[in-house]
Amino acid sequence: MRILLALSLVAICCSLWVGAEVLIQPDFQKEKVLGKWYGIGLASNSNWFQGKKNHMKMCTTIITPTADGNMEVTATFPKMDRCEKKTMTYIKTEQPGRFRAKSPRYGSEHDMRVVETNYDEFILMYTLKTKGPETNQIVSLFARDKDVRPELLDKFQSFAKAQGLTDENILILPHTECAVAPTCGPPVTPLMGEWVGVAVASDCPMFSAMKAEMKTEPVVKFWKDGANLICGTGFRTSKGCQKREITLKENGNGHFTYSVPQMGDSVMTILSITPTLCLAHTLTNAPDGKVYIELQFFKRGAEPPEGAKKQFSDYAIKLGLKEDNIVFFEKGEKCHFK
């Protein structure tokens, strides 16, 4: 009789768990969460979290797309007297806003759901972490800025408590000055020198206004000026040769940041590079609060292999761009750098 009662209680608990399925952000748009975030709040019922939470501080997180449509998430956080970095690949599922990952260090399985986001301010996430027979809950709050509205902190704490977590399980992370740490990812060296633009795709309004002038292949050149990495672009328009230069800051793992007045702060990621081909993705946080995407395809020497342009178009559309956001350049007189 006691065994039957115990089994009945297990069945009831299981049915309650299924009934309390965590909802996911409707119409989730993955390309809009790319870029830089700060870890604001963390809540968990795991023993590991309880043992570490008094030493935890705010982390900096960079989300970038992978060539196969998943997301690479790199978190940099302070540990003792240094900054440490951890990277995980979030594998997309058939349900937009739901991802799976496996910790390369601990082997734990992660089932992650984007509960709510407005893309330009915050992300509220729920994770089930499983290792062996043990399953724990994790609730995370990320924001584009280090300081957030009190209402967002209330939202985070209320949601965590709705999942059965207590005040002892919830932590608002203290500020830290730990920057995105340089790593031994794809080095600058393969970028150096002159490239020719094959195609570009962007949803930026300025790009839409200028694309009629973007007909002949632009020249893109990377070079060092002291400790700075410079990216110069030269393109021919109806007004002649136009050139611009930006200073890139290397943040490691193929990521570069830069700022352009009146355009905003950008993160450029080298998705793929060979001696003759380069695919770069740029995410710009504009002053108006919107986030814009740019995808660039460069060549050096020989023409790209057959099918490469279609692959570029297909990938741009996967990122949420449209066909009229894509420009393939024609051959013509180029604007070279000295």
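Glycine residues also receive a Cβ, built from the backbone N, Cα and C atoms like all the rest.
Owing to the predicted nature of the structure, the values given are computational and were not obtained by experimental measurement.
Database features (TrEMBL):
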| type | residues | note |
| --- | --- | --- |
| DOMAIN | 35-177 | domain 'Lipocalin/cytosolic fatty-acid binding' |
| DOMAIN | 193-331 | domain 'Lipocalin/cytosolic fatty-acid binding' |
| SIGNAL | 1-19 | signal peptide |
Open item on the list: Please count the residues of the domain 'Lipocalin/cytosolic fatty-acid binding' (193-331) that DSSP assigns to helix (H, G, I), strand (E, B) and coil.
Closed with: 23 helix, 79 strand, 37 coil
Task: DSSP-derived helix, strand and coil totals, residue by residue, for the domain 'Lipocalin/cytosolic fatty-acid binding' (35-177) - done: 25 helix, 73 strand, 45 coil
